[in-house]
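These notes are about the structure you will find just below.
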């Protein structure tokens, strides 16, 4: 093929790829682009065309004890689930870091199971187990359930960060007389920290968005924001639901920005360390 024909084919391929990427982006972002403007609708209906612009539905959201309580419940459950997820997921990542046998693979598969098992099955199983333990309708039960769904993300991100750990540094520290605890805080933790923080962000986002398990386990006092949105949508659609969705979108964008910032800092640190070793 002649050079100019190859160049034309490459340009056409790049153009088609750009068009396809734009269509995929529109498909993914369209629901957000639709719901956010409706949160500022001055009318009483959740529909287009909008009657005007107003912040009345945000005032209704933050002024309502029900909606405000649901938001607070989501933050409480998300924070508790994140703490448990960080402890368990990081511990699992550290324990499985040097494991190459079947036992390690089995443990990893069990921990990652909530990622592949349908959430409704997890919810049913947790309902029967937590009912026997008296944990249904309690904050503790809901936090433990959300943590179970979040631990796999913590394991994946922390394990990915620990993959960059240089074993020779640990050997050198041990040869110099450093205790395992001191080596952990001086060498292992700084390497794992970006993955730990990224996993914590994913854990919080997972809890914030969870609805299926919440429907099985939560009682009247644990109405989280997604559950309240689901219940309200079944009864009567108002722009207050759009305002609640916009608040959740704002939380998600904030978490995504924090994750990208952590990943960028991690990449910069890794590049600096690579240049220092040359």
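Backbone N, Cα and C define each Cβ position, glycine as well.
Taken from TrEMBL, the feature transmembrane segment applies to 12-40, 70-94, 106-130, 142-163, 184-205, 236-262. The domain 'ABC transmembrane type-1' annotation in TrEMBL covers 71-261.
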Tertiary contacts of the transmembrane segment (184-205) (same chain, 6+ residues out, Cβ under 8 Å): 78-79, 81-82, 85-86, 89-90, 93-94, 147, 150-151, 153-162, 164-165, 169-170, 173, 178, 251-252, 255, 258-259, 262-263, 265-266, 269
Range from 12-40, 70-94, 106-130, 142-163 with most C-beta pairs under 8 A to the transmembrane segment (236-262): 12-40
Same-chain residues near the transmembrane segment (12-40), Cβ under 8 Å, at least 6 residues beyond its ends: 46-48, 50, 53-55, 57-58, 239, 242-243, 245-246, 249
